[in-house]
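Visitor: Dumping what TrEMBL says about this protein:
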type	residues	note
SIGNAL	1-23	signal peptide
DOMAIN	65-235	domain 'Laminin G'
DOMAIN	239-275	domain 'EGF-like'
DISULFID	Cys265-Cys274	disulfide bond
DOMAIN	278-318	domain 'EGF-like'
DISULFID	Cys289-Cys306	disulfide bond
DISULFID	Cys308-Cys317	disulfide bond
Amino acid sequence: MQVDIKYVVWLALLGFWLQSCLAQLGSGASDTAFTSPADSILPTHFSPPPSATDIYTQGSDLSVGSTGREGHLSPGALVQLPIGLQLRRYTSISVRTCSPGPLLHVEGEQGDSLLLLISDDGVPSLTLKKMGFFRNVTVDMNVADNRWHHIFLRFELGVLTLGVDDTLTTVANTTGPYSAFLNLNLESRQPVLTVGGGTFSGCVLEGAGVPLSHQLTRHTGVHWGRCSLPDGRNCSGYDTDPCFSAPCGSHGACLSSNEGTRCQCFARYTGPTCLIDMGPLCNLAQNACQNGGVCQEDWQGNSTTCACVAGYTGPRCERLIT
């Protein structure tokens, strides 16, 4: 007689849950993480998260090689790292945003997966999938506030914790009813850890286990460098100003009109969102300095100046001081 392995796993999980409930009744303790309907082993009202192909844009326009530890992602932009993720190791990423959307996603060859996202109400949500069963937890904290937040997964003393700054939520432990989720099979012969994608828009900073600066990073729609969101430390204007989400990144100025937005790129950059780097301005013949002067490009990549040697002056050090 053949036995459905999913049925066996379900019975095992149910047994762990009943054992935990009896232990709590005997001790008089309570744990709200086990009583919430959304945290049940088989949540009746919880829809599985969309698949990777539904969440993330895929295509041949992915560039290879990162240019920094920090970047700004517009809607649809993503980063793909050629690495996996292990729940029993520390994993972290910092985010600054005003929008919902996926932050991290990884899926193993057997279908087990992990999805960390920001929900529509700004709350971080973690969904683990193992053999068709789901475990979903949230951290009761709004991170869609245009401030930097440190989000992490930590396994310590048999307990897996989802944390945001100083706020912690238990995901599973080795002796509780969700211990099976600690053994997610996220291994793959060609692992891919995806950052961003879908509706997410905002800035990310690499952390432990999420090396955005990996030399084989693949990415599309990412403005690498300092976060280009407004520095107001709030989301005022996010719903009304089409330029609030900084679609031009730090390489151009966003101009809004009744027809939408367009980017006025700095001299070094081009493209619809100023993502194409045409190279140092000092390499252009018209910016060459004369008489031993040294060309210097400004931090925006929009203009150059010449540092002249003693005895010369002028925009290009073309004049001898007499």
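Count begins at 1; order follows the chain as displayed.
Backbone N, Cα and C define each Cβ position, glycine as well.
A TrEMBL annotation is a machine prediction, not a hand-curated record.
Not measured: the values here are computed from a predicted model.
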Visitor: For Cys274 (disulfide bond), what residues in its own chain, 6 or more apart in sequence, show a Cβ-Cβ distance under 8 Å?
Guide: His223, Cys248, Gly249, His251, Gly252, Cys263, Cys265, Phe266
Visitor: Mind tallying the domain 'EGF-like' (239-275) by DSSP state, helix then strand then coil?
Guide: 0 helix, 14 strand, 23 coil
Visitor: What parts of the chain pack near the domain 'EGF-like' (278-318), using Cβ distances under 8 Å and only residues at least 6 beyond its ends?
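Guide: Contacts with the domain 'EGF-like' (278-318): 250-251, 266-270.
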Visitor: In Å, rounded, how far does the Cα of Cys306 (disulfide bond) sit from the Cα of Cys317 (disulfide bond)?
Guide: 7
Visitor: Please report how many Å separate the Cα atom of Cys289 (disulfide bond) from that of Cys308 (disulfide bond), as a whole number.
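Guide: So the Cα of Cys308 (disulfide bond) lies 8 Å away from that of Cys289 (disulfide bond).
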Visitor: Would you mind listing, in sequence order, the residues at least six apart from Cys308 (disulfide bond) in the same chain with a Cβ closer than 8 Å to its Cβ?
Guide: Cys289, Asn291, Gly292, Gly293, Gly314, Cys317
Visitor: Tell me, by DSSP, whether Cys306 (disulfide bond) is helix, strand or coil?
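Guide: Where Cys306 (disulfide bond) sits, the three-state DSSP reduction gives strand.
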Visitor: Does DSSP put Cys289 (disulfide bond) in a helix, in a strand, or in coil?
Guide: coil
Visitor: Could you give me three numbers for the domain 'EGF-like' (278-318), the DSSP helix, strand and coil residue counts?
Guide: 6 helix, 10 strand, 25 coil
